[in-house]
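Everything below concerns the one structure shown next.
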Amino acid sequence: MRPSQRAADELRPVTFERNVARYAEGSCLIKFGSTHVLCTASLEDKPPAWLRGQGRGWVSAEYAMLPRATHTRTKRESTTGKPSGRTQEIQRLIGRSLRAVTNLQGLGERQITIDCDVLQADGGTRTAAITGAWVALHDCLKWMRQRSIIKDLPLRDHVAAISCGVSNGESVLDLDYAEDSAAETDANFVITGSGSLVEVQATAEGAVFTETQLTAMLALARGGITTLVEMQKAAVA
């Protein structure tokens, strides 16, 4: 039995709360059980310098954790002078995931930055950030369309993410911290609403894993993503 008493294919309770940041063009507070991530989308009326004059825009992301998002306080990375390798990896992952479903030509020469701030961490912060960031991006684009900045919503599809793992020899969905810290294998899947893969990360932690186990985790992830995409649709309806 899992520490949370959930079935192998069961998500934690997930909620989306939109428009939680007064000044951001789009915002969403997403909760995966006890993991809470605030995602805000900010519009800049110019693209990155290296993109200027090319007639298209850009979507990027930044990721951070509040010092007391975890059991013990973590120093703010701003005090060390640069983000950690983990932080850089995660924010690049979030940006890639969102660009995979965005028509950058449809943005025009503009940039949207998604800030994902972890308020409370209990495993799966990067996957929660991606799933909530899509809602914040959607609402930013909707804000732009309402003001005739863009004509059409330049989103090709939904995108969401979920963690899986092998725990006590069993493939399971949506690991919390207690499960993740003891899992033999840890994996993250980013999948579009139409079922295409954006990114797969899988790492043997305590023991190697088989192709059969990877396939089982992918099947669990697909089921979880289907549920999350339906929740996204309901949230922005």
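Note that Cβ sites are derived from N, Cα and C of the backbone, with glycine treated the same way.
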Which of these, Arg68, Arg73, Arg76, Arg86, does Swiss-Prot list as part of the phosphate site with Gly124, Thr125, Arg126?
Arg86
I need the least crowded one of these binding-site residues (Arg86, Arg126), counting other C-beta atoms within 10 angstroms of each C-beta.
Arg86
Within 10 Å of the Cβ of Thr125 (phosphate binding site), how many other Cβ atoms can you find? Include all protein chains, please.
24
Where the record names Arg86, Gly124, Thr125, Arg126 as binding phosphate, the maximum Cα to Cα distance in Å:
14
